Amino acid sequence: MQQSLSYYDYNPSLAAAAIFTVLYAILFLLTTALWLKHRAWVCTIMVVAAAMEMVGYLSRTLSTLNVDNRTLYVLQVSLTVLAPVLIAGFCYILFGRIIFLVVPRELRTLRLIWVPPRFVTPIFVFFDIVALLLQLSGAVIISSIQATDPDFQEKIHHGKTLAEAGVGVQLAAFGLFSVIAVRFNFTSKRFEKSTHEQFPEDDNDRSLQMDTVPKLKDWPAILRVVNIVSGLILIRTIYRMIQFSQVPSGYLSENEWCQYIFDALVILPSFILFIWWHPAKYLPYLGFRLPKHAR
């Protein structure tokens, strides 16, 4: 096999790809098991994200053995680029659910959240979808081009522009969201007492009866998880922003360790945190939509 046919700018590691395939496969199985156990349909997006990471690194494993295979290369790039965008969307949804759970209706104001509380999730999810589509388009174009292509520079520029725009949208929206979420972590302390008054305590003194279903009353724990995961995704988004800006060549694109340290290894704890502090332990409404009386 001629090195010039490879889609990689380095010799990809089979061992690293295989290790992360196994790790994400385990996380996918655990995420799916909890999703089914709790019937937490709102967590479907995390199941899909875990599946994308697993299939992405499985494709990368196969791609290291077939470095000139265009389909495998495009697939692994696309899936690993897009999965964190879905995790960001899940953070938006959870944050909206937390607001509706703990903030009394009369206090859900623009001053408290900085955006209309009723539209927190729709607004940020909209930008998440825009970012996803732009990054997908850019990643597919960039990853499917070979240096021998006569329109190489033009296509690279087009793909780079789309990818940078997508990451830019995600960085702006998620950056604002992260500030709002961290701020709410402090302003929400005044709602802890009212939440305990709104829902009766269970016999074990650790849970609250929410619509006759016991939930752990330490709901700030899931808010802290959202904040931590938001920070991890911001690190990964900044990495992707720099990487796309260096296309077609650059240190981040030419050194494989960057992919694993700033993407694979950064995103991994996101799943672990949501598995250990599963939203179903704290949130009473796990369907795709909140019931009317909970809005």
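Cβ coordinates come from backbone N, Cα and C, glycine included.
Keep in mind that TrEMBL annotations are predicted by a computer and have not been checked by a curator.
Note that the coordinates shown come from a computational prediction; the quantities given were computed from them, not determined experimentally.
Feature annotations, courtesy of TrEMBL:
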TRANSMEM  14-36  transmembrane segment
TRANSMEM  41-59  transmembrane segment
TRANSMEM  79-103  transmembrane segment
TRANSMEM  123-145  transmembrane segment
TRANSMEM  165-186  transmembrane segment
TRANSMEM  221-239  transmembrane segment
TRANSMEM  259-277  transmembrane segment
Grab the same-chain neighbours of the transmembrane segment (221-239) for me: Cβ-Cβ under 8 Å, and only residues 6 or more beyond its ends, written as numbers and ranges.
84, 87-88, 91, 94-95, 98, 167, 170-171, 174-175, 177-178, 181-182, 184-185, 188, 252, 258, 262-263, 266-267, 269-270, 273-274, 277, 279, 281-283
In the same chain, who gets a Cβ under 8 Å from the transmembrane segment (123-145) while lying at least 6 residues past its ends?
7, 70, 73-74, 77-78, 81-82, 85-86, 88-89, 92-93, 115-116, 152, 155-156, 158-167, 169-170, 172-174, 177, 240, 244, 247-248
Long-range Cβ contacts under 8 Å made by the transmembrane segment (14-36), restricted to residues 6 or more beyond its ends, are 43-44, 46-47, 50-51, 53-54, 56-58, 60-61, 63-65, 256, 260, 264, 268, 271-272, 274-275, 278, 280
How about long-range neighbours of the transmembrane segment (79-103): same chain, 6 or more residues beyond its ends, C-beta under 8 Å?
42-43, 45-46, 48-50, 52-53, 55-57, 59-60, 112-113, 117, 120-121, 124-125, 128-129, 131-132, 135-136, 139, 170, 174, 177, 180-181, 184, 188, 191-192, 194-195, 219, 222-223, 226, 229-230, 233, 236-237, 240, 259, 263-264, 267, 270, 274, 279, 283-285, 290, 294-295
